[in-house]
Amino acid sequence: MSNEATVIKVTGQSVNENYDVVVGRGLLDTLPAKLGERVRRVLVIHPRALRLTGDTVRDELEAAGFTALTAEIPDAEEGKHIQVAAFCWQVLGQNDFTRSDAIVAVGGGAVTDLAGFVAATWLRGVKVIHMPTSLLGMVDASVGGKTGINTAEGKNLVGSFHPPAAVLADLDTLQTLPKNELISGMAEVIKCGFIADPAILDLVEKNTDAVMDPGSDVVRELIERAISVKADVVSQDLKESGLREILNYGHTLGHAIELVERYSWRHGAAVSVGMMFAAELSRSVGRLSDADADRHRTILESLGLPITYRRDRWQGLLDGMRRDKKSRGDLLRFVVLDGVAKPGILEVPDTSLLFAAYQEIAS
């Protein structure tokens with residue numbers, strides 16, 4: 001595959017919803033141009049684990065003539081709290097950031113979620129550019145304009161829609177990504193295969209070894225295909241009024257697992273179990289064939305992703321699912337499949353149906 005950057009366009013209903021997702025290598029030197037001439041001050045938000053990377057981005061911006069600062073936040077989901085957002089707001093205020101200044105997020109999905117939320121709320125909206133450093137961040141969190149923080153009541157219950165000005169997915173950053181993080185991100189890639197692009201599933205099934213090599217052409221193609229799926233969906237439905245709900249395949253139970261586990265589970269692992277549950281639910285109501293449901297099990301297991309969860313946690317999971325944003329009143333709603341790349345919605349008035357499907361994945 002070519003070393004040239006691939007540009008995937010996200011288009012929306014207004015000019016502020018249009019942006020490029022750039023996939024390639026050595027993309028840091030393109031950041032100043034993406035920020036534009038009007039920006040003077042830039043806050044680089046990064047997690048503790050990426051302090052050196054954050055400093056490198058800051059130094060690059062300083063060399064290009066920007067006034068650049070860094071804000072270091074806790075790693076992973078620990079960074080997605082209102083207190084962390086308040087810390088970032090304080091830094092912005094103390095350094096006189098105006099509406100024409102910008103934020104750059106450097107890190108995984110949790111960092112882009114938090115930085116996007118800070119950008120959306122500071123002065124009711126400033127420019128943000130995402131530089132995702134994890135597979136999960138590249139294919140999911142950084143694309144689509146969703147921002148959010150967690151509360152004691154659940155994940156991403158507080159947030160807004162705030163599309164970035166650009167996303168720079170630098171594949172070089174994946175070279176140092178821990179294997180379990182790579183596997184976690186693959187769950188979101190697989191999700192895109194099941195809801196929209198069967199070629200993703202074929203690639204994974206035929207190239208299991210290459211899928212675990214972040215430098216391979218296969219991984220790059222998987223990333224570009226997954227981003228293209230999400231870009232196409234959010235271009236049609238930014239604010240999740242209809243079509244965008246399909247991107248939540250596996251997430252209703254997945255988010256409930258994360259809540260029950262107090263966010264100690266990786267997002268992709270929880271979504272993997274959630275997809276297996278959704279497949280069993282789809283099968284149980286006659287919407288998904290045995291072969292397609294079993295294909296979930298085979299593909300997810302081949303990557304080392306979990307497909308079962310504890311039998312004794314059902315009530316806690318049910319409570320968590322009732323807080324899902326797709327719910328309408330007391331009615332639980334799930335993204336299900338009528339076949340590969342044929343997503344739909346199932347409204348479930350009777351939780352006994354859910355319990356029966358859960359027994360198929362309970363351990």
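For all residues, glycine too, the Cβ spot is worked out from N, Cα and C.
Annotated features, as they stand in Swiss-Prot:
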BINDING   75-80, 109-113, 133-134, Lys146, Lys155, 173-176  NAD(+) binding site
BINDING   Glu188, His251, His267  Zn(2+) binding site
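Taking the features listed in Swiss-Prot, we show where each one sits on the structure.
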| residue | record | Cβ contacts under 8 Å, 6 or more apart |
| --- | --- | --- |
| Asp75 | NAD(+) binding site | Pro47, Arg48, Ala49, Ala110 |
| Glu78 | NAD(+) binding site | Tyr263 |
| Gly109 | NAD(+) binding site | Pro132, Ser134, Leu136, Gly137, Asp140, Ala141, Ser142, His267 |
| Thr112 | NAD(+) binding site | Ala105, His130, Pro132, Gly137, Ala141, Ser142 |
| Thr173 | NAD(+) binding site | Thr53, Pro132, Thr133, Ser134 |
| Thr176 | NAD(+) binding site | none |
| Glu188 | Zn(2+) binding site | Leu135, Leu136, Val139, Asp140, Ala226, His267, Gly268, Val271 |
| His251 | Zn(2+) binding site | Val271, Gly274, Asp324, Val335 |
Sorted by sequence, non-Glu188, His251, His267 residues with Cβ within 8 Å of centre, Zn(2+): Leu136, Asp140, Ala187, Lys191, Gly250, Gly254, Gly268, Ala270, Val271, Gly274
His267 (Zn(2+) binding site) CB neighbourhood, other CB atoms within 10 A: 26
